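Data block below; observations after.
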Amino acid sequence: MNLQRENRAQWTMGLLGIFLLCTLVVSVGVGPMSLSLSDSLQVAISRIGLIELNVPPHVVVVVESIRMPRTVLGMLVGAALAVSGAAIQGLFRNPLADPGLIGVSGGAALAAVASIVWGGTVLKPLHDLLGIYSLPMMAFLGGFITTLLVAWIATSRFGTSITTMLLAGVAINIVTGAGIGIFTYMADDAMLRTLTFWQMGSLGGATWDDVMAAATMIMVAVVLILRYAKSLNALLLGESEARHLGVDVGRIKVAVILLSALAVGAAVAVSGMIGFVGLVVPHIVRMSLGPDHRYLLAASALLGALFLLLADMLSRTVIAPAELPIGLITAIIGGPFFIGLIVLRARQGGGL
Amino acid sequence: MSFSVNHLSLSVGRKVLLDNLSFSINPGELVVVLGPNGAGKSSLLKVMSGEHSFSEGDMQINGASYRHWSVGDIARMVGVLPQSSQLVFPFTVLEVVMLGRLPHSSGRVRDAEIVKQVIDRVDMTHLMHAAYPSLSGGEKQRVQLARVLAQIWEESALGARYLLLDEPTSALDVAHQQLTLQLARELAGKGIGVMAILHDLNLAAQYGDRIVMLRQGAIAAQGSVEEILKPELIRQLFAIDVSILPHPVSQRPMVVML
């Protein structure tokens, strides 16, 4: 149809894919212990059984048990946050809605923290039942309940107000912050370390178990969200217009909110609160490819994965051998970006 | 086959918004809904487009009850042009109009042809690749009209098609007001049942087949243009004095304010 944009979208996604692969390889090599490109490639290829392994065993361990899961997790989390950001923005017809800003990540984090601190006591039956999925499921529930709460607060018979939604997000973030604070008082020393990590976000300490737990939930959510691309396009016209075009608005709303909460919950469960990815990434994609969700969602997934890998490489190297929490890096990039967006909109007279 | 409402009522709380309305839109005719502010015109359109449910009565499209049809089915028979649009994302004109093809699965080649045609019909071809938010109010209205046209451009397997227009001329200059209603007229000529909410009595006189006159949620009168546009009735409804003259060219009634 709009051939120019369609071609550009395909090119862009191809390029993003190639960049992502290169970054993936580099990311495995970067860190306190620097590995050569050939070493990390060798480990990867030997796994498929193509060649004899010719690298020291400790390198194999670093690549297989530390760098690889961390890299894969980074990609999953980046894609999850960017896609749910893009979907929520489409649903509420406002490019400023971000899972972090409207409190969804906070709600997910609070539930995750509760799951850690109460894991051995109050929530023990749940943990026994769900195993490695108990933490991501709790985070999903937290995110889901918060999304419903925010949507309920911001929706009146005049429609959904993004201003109210952002204000509700501010309030919810204060409450969840306080909740997490209370849990830190109840936590013992071992828990405390994990809790701090949750509040600033980190991909450090990622295991294949984390990857498995997050991957299933995130992939399901992202693939299903992609299927609503056309309906989200129609929703940009307005809810009644979408209904006149045959879109079952009520069902789409519930589905998208649920799936976004699932993706964000899984991401928060394994990496803590990493903000602004869902705001910055879709915005950049929209500037280049336009608002069509058929391209926006997929390209956001790729760029989100790339963005988080780059941020994670920074976090590992800036103050090596120590690590800067990745949430701080995305906030340093995303905060000013958000302020810039608000200023721009205010100058254009658009308000929120 | 028709789009009919039978004894339709809508109350919100104690307030009666629509009171026992019965009329129908037949394929091939242009029905104009007139009435003073607050008469229930917009509520009627919201009910007929499925946005509001109704409290009592019944609505039928092509012989089957409204509830019988799925949202997707209705979208293949009924196009609705809203009064204003909230679209703020930078879709191009082409992309907005393309959304009108969403209910159909006619293939991208056919869709692209239809979209080109309807964009041309509303006189927007020169702005086809412009970003929608950068357009003027009138241009936006024409793009939305093109989108709705794309939706009902082809015959539907489900029966006759209908077009509901909510004050389609409110943001348009004189030339595009004429263009829009000529287009509506032409669509009626192709067998589409058109209902338009209008404020301008002369546009109603010039283009309408029938007029449904609303007052306080009820039908004050309905009938042919000649039957409804009478000084007596207009004085009762709008509290203005008018004289009705024959139009010098078309001989249709012409309303002159006194």
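Including glycine, each Cβ sits where the backbone N, Cα and C put it.
As the structure is a computational prediction, the values presented were derived from the model and not from experiment.
Residues or ranges marked as transmembrane segment in TrEMBL: A:12-31, A:72-92, A:99-118, A:130-154, A:166-186, A:206-226, A:254-281, A:293-314, A:326-346.
Long-range contacts of the transmembrane segment (A:254-281) within the same chain: residues 73-74, 76-78, 80-88, 90-91, 96, 98-101, 104-106, 108-109, 111-112, 135-144, 146-148, 151, 197-203, 206, 210-211, 213-214, 217-218, 220-222, 224-225, 228, 232, 300, 303-304, 307-308, 325-327, 330-331, 333-335, 337-338, 341, each at least 6 residues beyond the stretch ends and with a Cβ under 8 Å from a Cβ of the stretch. For the transmembrane segment (A:130-154), the partner stretch with the highest count of Cβ pairs under 8 angstroms, out of A:99-118, A:166-186, A:206-226, is A:99-118. Contact counts against the transmembrane segment (A:72-92), taken as Cβ pairs under 8 Å, peak for A:99-118 among the stretches A:12-31, A:99-118, A:166-186, A:326-346. Residues 81, 84-85, 88, 126-127, 134-135, 138-143, 145-147, 149-150, 165-166, 168-173, 176-177, 179-180, 183, 186-187, 191, 194-195, 198-199, 260-261, 264-265, 268-269, 272-276, 278-279, 338 of the same chain lie 6 or more positions beyond the ends of the transmembrane segment (A:99-118) yet place their CB under 8 Å from a CB of it. Sequence-remote contacts of a segment are chain residues at least 6 beyond its ends whose Cβ falls under 8 Å from one of its Cβ atoms, and for the transmembrane segment (A:12-31) they are 37, 39-41, 44, 62-63, 66-68, 71, 74-75, 288-289, 295, 298-299, 302-303, 305-306, 309-310, 312-313, 316-317, 320. If you look at the transmembrane segment (A:166-186), the same-chain residues 6 or more away from its ends with a CB under 8 A from one of its CBs are 96-97, 101-103, 106-107, 109-110, 113-114, 116-117, 146, 149-150, 153-154, 192, 195, 198-199, 352.
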